[in-house]
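Colleague: Sharing a structure with you now.
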Amino acid sequence: MSDAVHDLGDSISIGFAWFFQGYSEKKQDERFTFGYNRFSLLGALITGVVLISGSFFMIYRSVPRLLDPQPVNYSGMFWLSLVAIALNGYAAWILSKGTSKNEGMLKLHMLEDVLGWIGVLIVSILMNFTEAYRLDPILSILIALYILYKTVPEFFTTMKILLNGSPENVNVEKLADSINNIPAVKDLSHFHIWSLDGEENALIVTVLIDPSDIDKAREIKEVIAEVAHKSSVENHITIEITTSKEELEKGYSHNT
């Protein structure tokens, strides 16, 4: 029964993940002006929770069998494991082409299943030559620990994105310095950068320029945007320009 519940949870989490992945591809509208990209993160979180809880469940089930190993009939498991490895391996290969956090979590989910069945395959072969029944729980624990090692960092990375943390692929301090070092830029404030879904990044910044350069505002914005592009911020850039130190500190401008 416990295995059935675990498998049911797997199926439900994969279903939710696929649903949210498809939903995340909807275009922006008046309800979600940034688009639906972040719905894929919900799928990643659900899959992450299932993987982490499933790994602990696997350890919980394996420890008693490690302490008190019981004979297990592995007849037929060899061929079943080959089929399962092929199916789950193919699914993992398809998902390897994806780049979203949700698809990454699903790939880990498929990897968990593949490793589990590889463990069954190895044990079913070894059981023909030995009665080392502890091999099964040992492999299960090792697989669970590996999945935790891969999943936990991804889970917290997804949480960081949802909490508007700085993107991991952007050197925030370097980007701020690069903008501040543009000759026409005297200072900057309200510098905010975040990731929409782990792939697309957004930037908001207010810069101070000399009043004599106000006619060059468009060119200055283009230079700042080019600097941002080189730092993996491409599609969502908001640049406010002011000639007033007071307005700079407030983070808005009436000049341009």
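Placed from the backbone N, Cα and C atoms, the Cβ positions cover glycine too.
Copied straight from TrEMBL:
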- 1-163: domain 'Cation efflux protein transmembrane' (DOMAIN)
- 167-241: domain 'Cation efflux protein cytoplasmic' (DOMAIN)
- 39-60: transmembrane segment (TRANSMEM)
- 72-96: transmembrane segment (TRANSMEM)
- 108-126: transmembrane segment (TRANSMEM)
- 132-149: transmembrane segment (TRANSMEM)
Colleague: Can you tell me which parts of the same chain pack against the transmembrane segment (39-60), counting only residues 6+ beyond its ends and a CB-CB cutoff under 8 A?
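Modeller: Contacts of the transmembrane segment (39-60) (Cβ under 8 Å, skipping residues fewer than 6 from its ends): 2, 6, 9-10, 13-14, 16-21, 23-24, 100-106, 108-109, 112, 140-141, 143-145, 147-148, 151-152, 154-155, 158-159, 161-162, 197-198.
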Colleague: Mean pLDDT for the domain 'Cation efflux protein cytoplasmic' (167-241), as a whole number?
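Modeller: Residues in the domain 'Cation efflux protein cytoplasmic' (167-241) carry a mean pLDDT of 92 in this prediction.
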Colleague: From the DSSP assignment alone, can you count helix, strand and coil residues within the domain 'Cation efflux protein cytoplasmic' (167-241)?
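Modeller: Its residues divide into 29 helix, 26 strand, 20 coil.
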